[in-house]
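K.L.:
First the structure, which I've put down as structure tokens, then a few questions once you've had a look.
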Amino acid sequence: MLNNAMSVVILAAGKGTRMYSDLPKVLHTLAGKAMVQHVIDAANELGAAHVHLVYGHGGDLLKQALKDDNLNWVLQAEQLGTGHAMQQAAPFFADDEDILMLYGDVPLISVETLQRLRDAKPQGGIGLLTVKLDDPTGYGRITRENGKVTGIVEHKDATDEQRQIQEINTGILIANGADMKRWLAKLTNNNAQGEYYITDIIALAYQEGREIVAVHPQRLSEVEGVNNRLQLSRLERVYQSEQAEKLLLAGVMLRDPARFDLRGTLTHGRDVEIDTNVIIEGNVTLGNRVKIGTGCVIKNSVIGDDCEISPYTVVEDANLAAACTIGPFARLRPGAELLEGAHVGNFVEMKKARLGKGSKAGHLTYLGDAEIGDNVNIGAGTITCNYDGANKFKTIIGDDVFVGSDTQLVAPVTVGKGATIAAGTTVTRNVGENALAISRVPQTQKEGWRRPVKKK
């Protein structure tokens, strides 16, 4: 069906006392992203014309965390219920648009479910998201007559008979803007909590002869809210299990799906293998036949075909061409780039550095602000000294250079093609092509020398 224009209201004013945190509840993260950000993203994907965020506690923290989102900030100075929260946003509703109500602490609601709810909303009526629970204790019950929804009764206000109802309200609903404003103006706080319930608009709509259509989510986890860290951790595992299942069905071999975390977006080729306890953050692309060892963290990086990343390696904002090998225990920091067939071994760190085709840095090395050519050997213990305490400087190493172990290259410095740097050398001046650079202290040997003896 053809949908009206739609705006979304996200309720995010709660303090989250049971989180025992100085951070507003909705800013606690699930899969590396604030819970409320999941909801904002869903609203935007659904095509919301406006997103109204109702906030209360921790407003400054919320505005700082969500500064890049195009939000209309609506203050709820007193937390007097969900109906009161919606009343604060009501002046911003257009009469001819639909208003979808969501919650900042219900992070896993899917766009697919919301679209079905939107499509199901009857003209002049309400679309309501409900679920059936074996134990509905504590939740508002859906009342019906002859199968038609007539209202919602909160648990504290329900009779014993009503408490036997298993269909409960999720709090998510959609209605026309003009209707919503009219119903919100009629709300009272005559209930056990002394609050203004948004759920009372269901009975108001029914009294006007309006139709209320109930829709069920695809998964219960979509409508589960978070009030404490235990609930958040459970939803985290639900989310991660769903992501792992999608990847497995798409051909990615996860050695143990229960020990894999996706905290962003993973684009992948064929025959990718990921071992246990791997974390993927941000936007990551893995080419064909990539292998990632246990304990690795990959963030905002592109890994080319046939690359192998050995255990306990951290890769962040890096680009690897085909057939590179890294680790174990290596660290590629932002700006690291490996060309085809390059190798970075254990305890090697790279930052804003390029390692050319077939070049190798096998172990115990720091390469920062460096441009390294093809077929270069970087010996163990090599350090590019790129920082003078105030500014960073660049090291340039040409093709086919051999850098011996325990070498320091004091930037800015250039080493020409084919040069050799002897082990233990401190390079402070440019080295010409095919030259040998050596700066060792001359070795002294004392024959018959005896070690000191400790005095008694």
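The backbone N, Cα and C atoms fix where each Cβ goes, glycine too.
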K.L.:
Among Arg354, Arg440, indicate the single residue that Swiss-Prot lists for the acetyl-CoA site containing Ala380, Asn386, Tyr387, Ser405, Ala423.
P.N.:
Arg440
K.L.:
Mean pLDDT, the region 'N-acetyltransferase' (251-456)?
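P.N.:
Summarising the region 'N-acetyltransferase' (251-456) by its mean pLDDT gives 98.
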K.L.:
Please give the sequence-distant neighbours of the region 'Linker' (230-250): residues at least 6 beyond its ends with Cβ less than 8 Å from one of its Cβ atoms.
P.N.:
28, 30-31, 35, 107-108, 221, 224, 257-258, 260-262, 266, 268
K.L.:
What's the most sparsely packed of the binding-site residues Gly81, Gly104, counting other C-beta atoms within 10 A?
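P.N.:
Across Gly81, Gly104, these binding-site residues, the one with fewest Cβ atoms within 10 Å is Gly81.
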K.L.:
Could you tell me how many residues in the region 'Linker' (230-250) are helical, how many are strand and how many are coil under DSSP?
P.N.:
20 helix, 0 strand, 1 coil
K.L.:
Could you tally the C-beta atoms, other than its own, that fall within 10 angstroms of the C-beta of Asn377 (UDP-N-acetyl-alpha-D-glucosamine binding site)?
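P.N.:
Summing over all protein chains shown, Asn377 (UDP-N-acetyl-alpha-D-glucosamine binding site) has 18 other Cβ atoms within 10 Å.
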